[in-house]
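The domain 'Major facilitator superfamily (MFS) profile' annotation in TrEMBL covers 12-384. According to TrEMBL, the transmembrane segment annotation covers 12-37, 43-65, 77-95, 107-127, 168-185, 206-227, 247-263, 275-293, 299-325, 337-356, 362-381.
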Amino acid sequence: MKNPDERLITRDVALVMLATFCFMASNTLSSLLMAGFSESLGASGAMMGLVAGMMSLVSLFCRPIAGNLSDRASKRLLVGVGSALYLISSIWYATASSPVSLLLARMVNGVGFACCSVCLATWMSLLLPIRHMGAGMGLYGTTNALAMALGPATGITMHRLIGYRHTFIISMVMAMLMVISVMFIKNGGHPVAKPAPRRRFSLRSIVEPRVVPLSLVFMLFAIPYFATQSFIVIYANTRHLAVEVSLFYPCYAVALLIMRIGFRDWFDRKSFRFFLVGCSAAMLGSLLCLDLMTGNVLLLLAAVLMAAAYGVMSSVTQAQAVIIAGKARSGIANATYYAGIDLGMTLGPVLGGMLYGGVPIAWFYPLFMLVMPAAWLLYAASAGYVHGGGAGSAV
């Protein structure tokens, strides 16, 4: 009979994944609507991008602190604080009357996002046996990605039916469900490492240095993904495309679920370089499909390729980050990994807003293709440092 401590899926693991789904669904539902909602309030193209990216910009600076705290304090406490901030920001969205007010609400949301994302990921890594870390974080990433797909699809559909403001109430309900699921987790996520004596501040207290290059590589995958999330509806409307944009995210979710379940053992066996080759090719294919699409066939193909690119790469990078750092520093490792997402979530919408307002819309996706060669150059320059310190060969 399998040792309970060695099982991949336990009651607590399932509840953390449920909390993660509610958290990310709440976040992505509202984030997709930010550019369009701010435009309806009178924002310019640049302001639309700034509003969409502000949550991630704030989270970028708060996340190292949250990562450090997650290795020292109860995860339940920190997730509770983050959930409360999510509720506040959701109510604020529903009542905002100007782009500036919306920008301030995004800042509050950013602090909550930093607390919840790092702590939930760290909590998950503490509940998993190290030999199942790749497969477990792959399932965690699948939950994350499903929410990141279904949240936007819900937002697109519901804002057409009930308007922007009432749709934000759905986001608030999801945040409340997250709080409830966290309350039923038995293991409160107390620190693994013993409290250390106070030391002088160092870079290692807020980031895991060897994870930084991988985080930046993943940032370059996140930039086109989050630009698409913020502007795909506006892009399709501006080009007068006969496509049903709401199909993109469910298709993405189904494709990613199949891929992550099918590839789950590969996450513990194949190298990071192996996934980088395949995922970067898929990203270029996805962006090309979005550029050329005139109907739903290429839209759906773009969604499948985006799942093979951004979706798979997120699990690969996060698992490698935890393996490099070890469980005692898993909070800081996850914070470093999420810093790449924060940068991508910030730069994607901001660059998207600049392109939307500054160049012909036909150049939107061709220009975003330039990030993949940059990802390869960055990895080639840093691979020796990242993998040369005794990291496991898996991922």
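In case you wondered, yes, glycine gets a Cβ from its N, Cα and C as well.
Caution: TrEMBL annotation is automatic and unverified by curators.
Here the transmembrane segment (43-65) has Cβ contacts under 8 Å with residues 31, 34-35, 99, 102-103, 106-107, 109-111, 113-115, 117-118, 206-207, 226, 230, 332, 335-336, 338-339, 341-354, 356-358 of the same chain, all six or more residues outside its ends. Sequence-distant contacts of the transmembrane segment (299-325) (same chain, at least 6 residues past either end, Cβ-Cβ under 8 Å): 121, 125, 133-134, 137-138, 140-142, 144-145, 208, 210-211, 214-215, 217-218, 221-222, 224-225, 228, 243-245, 247-249, 251-253, 255-256, 259-260, 263, 267-268, 272, 275-276, 278-280, 282-283, 285-287, 289-290, 293, 332-334, 336-337, 340-341, 386, 389, 391-392, 394-395. Contact between the transmembrane segment (206-227) and the transmembrane segment (275-293) is supported: at least 3 Cβ pairs lie under 8 Å, counting only residues 6 or more apart in sequence. Scored on C-beta pairs under 8 angstroms, the neighbour of the transmembrane segment (107-127) with the top count among 12-37, 77-95, 275-293, 337-356, 362-381 is 77-95. Counting C-beta pairs under 8 angstroms (sequence separation of 6 or more), the transmembrane segment (362-381) fails to reach the transmembrane segment (12-37), with fewer than 3 such pairs. Per-residue confidence over the domain 'Major facilitator superfamily (MFS) profile' (12-384) averages 85 (mean pLDDT, predicted model).
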